[in-house]
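The block underneath contains the structure these notes are about, expressed in C-alpha cells.
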Amino acid sequence: MAEFFPSLTQCALVAAAFKVLLFPAYKSTDFEVHRNWLAITHSLPVQDWYYEKTSEWTLDYPPFFAGLEWLLSKVAFFVDPAMLQLGNLNYDSWQTIYFQRSSVIFLELMLVYALNRYIKSVPAPSKHLAHAASLSILLSPGLLIIDHIHFQYNGFLYGILILSIVLARKQSTLLYSGVTFAILLCLKHIYLYLSLAYFVYLLRAYCLDPNSVFRPRFGNIIKLGIGVTSVFAAAFGPFVYWGQLNQIKERLFPFSRGLCHAYWAPNIWAMYSFVDRVLIPVAPRLGLPIKADALTSVTRGLVGDTSFAILPEVKKEHTFALTLFFQLLPLLKLWLQPNWDNFVGSITLCAYAAFLFGWHVHEKAILLIILPFSLLALKDLRYLGAFRPLAVAGHVSLFPLLFTAAEFPVKTVYTVLWLVLFLFTFERLAPVPARPRVFLLDRFSLLYDTVSIPLIVYCSLVHGWLFGGRMEFLPLMFTSSYAALGVVGSWVGFMVVYFTS
C-alpha cells in the first residue's frame, strides 16, 4: 500500500497522537461504567459477574466482552489497583483516565487491521476507492466523539465487523466470516440487528448449491454449525451450567425502558415525537383529545416513561414488526442475488431498519449504518448521493453527546473538516453510474447539507443567548428532528439505489 499517500498506517499514528491529546477531555458516565466492569471482573468469580449491583452500572454486555474487561483488569492492576475496587465508585485518578483512554486506542488496532485487509481484498483498479473509504472510517468523527471523548470501545468492535464483512468476500473464507460474526455477537449484542443478513447470505452462498437452493452442501452446513455453536458454547456454556441464562437475558435485554432514549435518536420515533409535540398547542382547535398525564413526560426515555399526548401509543410489538418487515425487503434481493455488494447493502439496510424503527435506540447506534455503508459509498455517484445526507445527519446527531464548552471546537471543527474533506473527495472519486442519478435526491442532499450550518450555530450558540437556561430541550429536539429527516431521506434514497442496481 506504499503507493497511497497518506497511508493507513501514517493516518493511524497521527490520529492516535491527536487522541492522546484528548485524554483530559470530557468523559461520560460510560467511563465509570467500564471502570466498574473492570472492578467486577477483577474482584468477583465469573458466576457472580451478572449478579453484582453495588453500582447502578451493572454488567450488561455479553460474556466475551466481560472477558475482555477481565483481561484489561490484569493490566490495570499494575497501573492503579484502586480503580479495581468495587466500592470505589466514580474513581477517576489520572492513572485510571490514562489507562482507560489508552486501552481504547490500543484496541482500535483491530479496526486498522480490518481496514488494511479490506484494501488488500479489493481488485487493483478500485484500490484507491477502498483506500479513501478506509481513511474515512479510521478518521470518523463518530468514533472520535463516541470512543475517545464520550468513551466506548466501538473502534475495536466495528473492526471485527469489518473483518467479518471482508472475509465474506471470498468463498474460501466465508466460514471464517460467520465464525467472526458469532464472536462479535458474544462481544456486543447490538449486532443482532445485522444477523438476518448474515444468516441469509451464509445460507445462500455457503450452505446451498449456487445453482440450486434444493441441493444443500452438507459438509459446509456441518462446518458452519460446529464453528458458530462452538463460539456460543464458549461464551454462554458456563452460564448455562450455572443456571444463569435467564439472568444474562435480563441484563442484556432490559425491555422495561421507554420507546425513546432521553435524547431522541434521529429515527422515525423522533419524528413521531416531534409531531406529537407540535400538535399539543393546536389540539384544542382541532378537537383532538389530550392526555394530561403525558404533557410533562413525553418520551423522556426513562424506564416505563414513554407516552404521547396526542398520537397513539407505540408498543414494543409495533417496533419489532416494522423492523422485521423493513429488514426482510432487502433480504429478498440478497436471497436471489447472493453477491458481496448485495450482502453489504443488506447489512446496511438491516441497520437502517433497526435504527429507524427499533425500541429505545441510542443515538450512538448510527455508526451501525454509517460504517458498513462507507464500504459501498464510492461504488458510484448514486450510492454517494444516498450516503451524503446520512454522513451529515449521523455526525451532527452526535453533537449533544458533548455538551461542555471545551469540547465544542473539537467536535465542530473536526466534524466539519471531515465532511468537507471526504465528501468532496468522494464526489471526485466516485465513478459515474450506468443508470441516471436521482435528481430529487441530489437536490435534497444539497439543501439538507446547507441547513446543517445554521442549525449547528443556533443549537450551540444562539439558543443560549436567547433563552439562557430555559427551554433546554428545544435545541435537542431541533437537532434530533433535523437529523431524523436526513437519515430517513438517506434510507429512502439507498433503498431506491439498492433495488435498481
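Each Cβ is built from the backbone N, Cα and C atoms, and glycine gets one as well.
What you see is a predicted model, and the numbers here were worked out from it, not measured in a lab.
Both Ser172 and Glu363 carry topological domain labels in Swiss-Prot, but the labels differ, so the record puts them on opposite sides of the membrane.
Between the transmembrane segment (64-84) and the transmembrane segment (183-203) there are at least 3 Cβ pairs closer than 8 Å, counting only pairs 6 or more residues apart in sequence, which means the two stretches are in contact.
Only sequence-distant pairs (6 or more apart) were considered; of these, fewer than three Cβ pairs between the transmembrane segment (320-340) and the transmembrane segment (143-163) are under 8 A, so the stretches are not in contact. Only sequence-distant pairs (6 or more apart) were considered; of these, at least three Cβ pairs between the transmembrane segment (365-387) and the transmembrane segment (183-203) are under 8 A, so the stretches are in contact. Outside the transmembrane segment (413-433) by six or more residues, the chain places 128-129, 132, 135-136, 139-141, 144-145, 377-384, 387-388, 391-392, 395-396, 399 with a CB less than 8 A from a CB of the stretch. Between the transmembrane segment (390-410) and the transmembrane segment (477-497), the number of CB pairs under 8 angstroms, six or more residues apart, is three or more, so the stretches are in contact.
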